[in-house]
Amino acid sequence: MSADLTDDSVIRFARGVRLQHDRVRERWIIQAPERAFIPDPIAAEVLKLVDGTRTLGQIIADLATRFAAPVDVIGRDVHVMVNDLMTRQVLVV
Amino acid sequence: MTKTILSPMSLLAELTHRCPLQCPYCSNPLALEPRRNELSTAEWISVLDQAAEMGVLQVHFSGGEPMSRPDLPELIRHAVGLGLYTNLITSGVLLNAKTFPALVEAGLDHVQLSFQDIDTANAELVGGMKGAQARKIEAARLVAADGMPLTLNFVIYRENAGRVPQMLEAAIQMGARRVEIAHTQYYGWGLANREALMPTAAQLEQTTQAVEAARKKYEGRLTIDYVTPDYYADRPKPCMGGWGRRFINISPSGRVLPCHAAETIPNVAFPDVRHDTLDHIWREAPLFTMFRGTDWMPQPCRSCDQREKDWGGCRCQALALAGDAAATDPVCSRAPDHERVKAVLDTLPAAPPPFRYRRYARATDEVG
């Protein structure tokens with residue numbers, strides 16, 4: 001497994017994986033080797049902030065502000081989601 | 001609505017049928033396309049433009065050996081510029097320190113590299129090319145060293161089925177992110193060599209267990225795609241995710257097909273990009289509309305609760321096994337022709353017969 005995920009982790013897309021807007025179907029997709037995933041709307045908001053420089057904590061703070069939600073609630077959800085996407089080799093730290 | 005026309009997701013671009021290897025399970029048709037009939041660079045570029053416009057997200061450059069085409073980097077660069085995800089499906093025998101940098105520079109996203117076996121002697125016997133294994137291992141090293149995601153593809157058949165654990169270990173050693181353990185599918189050359197390739201039920205069970213163990217062991221490091229030989233299944237596979245639903249195959253001469261084996265379907269015209277637009281073919285060509293949705297289905301498919309999950313299985317397999325492309329896929333235990341599948345499995349020879357190698361017809365004539 002990859003290194004442990006903390007709020008200080010800088011997450012990025014694995015090489016060969018990207019978030020892309022599908023203009024024909026009007027939705028966001030994750031392009032990956034020989035598959036395309038459809039992120040749910042919240043995952044798409046998280047992934048739009050993944051730029052290889054922001055820490056996970058910064059992403060969580062940004063979302064908490066924009067959606068006027070408690071940081072600990074958002075943080076818990078985002079950690080679960082990012083862990084899952086790391087297991088699926090979409091994101092790496 | 002049973003005939004909803006979705007936008008295609010995925011394009012398989014078979015750039016050429018030329019290949020240095022002669023694998024007897026090749027998915028190409030028995031009648032291989034000669035070089036003189038291949039689409040030009042400009043024709044392929046138009047295909048890519050049209051595909052992106054229609055909503056295709058991923059393009060798989062395949063063959064034959066797609067690296068036999070000198071314009072491959074140009075086609076990749078063009079596809080990348082259109083926002084398409086680019087995948088190269090290669091034998092790797094032409095991928096080396098001289099040829100690979102142009103693919104990286106073109107923006108290639110991913111390489112799928114095929115191995116005939118992990119045992120070198122048998123791999124080269126099956127591929128029909130001496131020295132191929134070392135070239136493939138070097139190709140894997142180059143891709144992994146660059147950091148580009150790498151998938152290894154192992155086609156499984158009777159002779160190599162016992163070596164799946166070693167294949168999975170090798171995938172980790174070579175730095176692959178994904179591996180396909182794909183049992184032979186019995187179309188084209190695979191069908192012609194079925195008696196030599198088909199594993200036993202016990203071998204199939206062994207490979208399934210090896211895959212399950214490796215999925216636990218390598219979770220998060222290695223994604224394993226596992227494809228079984230559906231002759232042993234009770235329910236058919238949802239071939240291509242449904243006929244004319246998400247997948248387009250373009251043959252080297254520009255024929256537009258719902259799957260790579262569709263040229264076996266009788267009594268229908270094969271549309272091609274030299275005479276029509278891709279969008280019009282996808283929507284209107286009889287080859288695409290004839291099995292789209294569920295209206296074409298016979299019983300028991302028509303009233304089956306799986307009809308929009310497996311889409312009646314595979315049309316080419318129905319043709320090959322039941323003699324009728326519109327029949328229920330005989331691998332389904334509910335199919336009227338299911339006994340034919342059992343008969344094939346019950347009469348497998350104790351010792352596999354020699355291979356009929358994948359070659360151009362003329363070459364076969366020349367060697368007698």
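Numbers here mean position along the shown chain, with the first residue as 1.
Cβ coordinates come from backbone N, Cα and C, glycine included.
All annotation found in TrEMBL is predicted automatically rather than curated by experts.
According to TrEMBL, the features are:
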- B:C19, B:C23, B:C26: [4Fe-4S] cluster binding site (BINDING)
Next item on the list: Specify the count of other C-beta atoms within 10 Å of the C-beta of B:C19 ([4Fe-4S] cluster binding site).
Entry: 25
Notebook entry, point to check: Taking the centroid of the Cβ atoms of B:C19, B:C23, B:C26 as the [4Fe-4S] cluster site, which other residues of that chain lie with their Cβ within 8 Å of it, listed in sequence order?
Noted result: B:L21, B:Q22, B:Y25, B:N28, B:G64, B:S91, B:G127, B:W189, B:R358
Checklist line | Assigned conformation of B:C26 ([4Fe-4S] cluster binding site) - DSSP reduced to three states | finding: coil
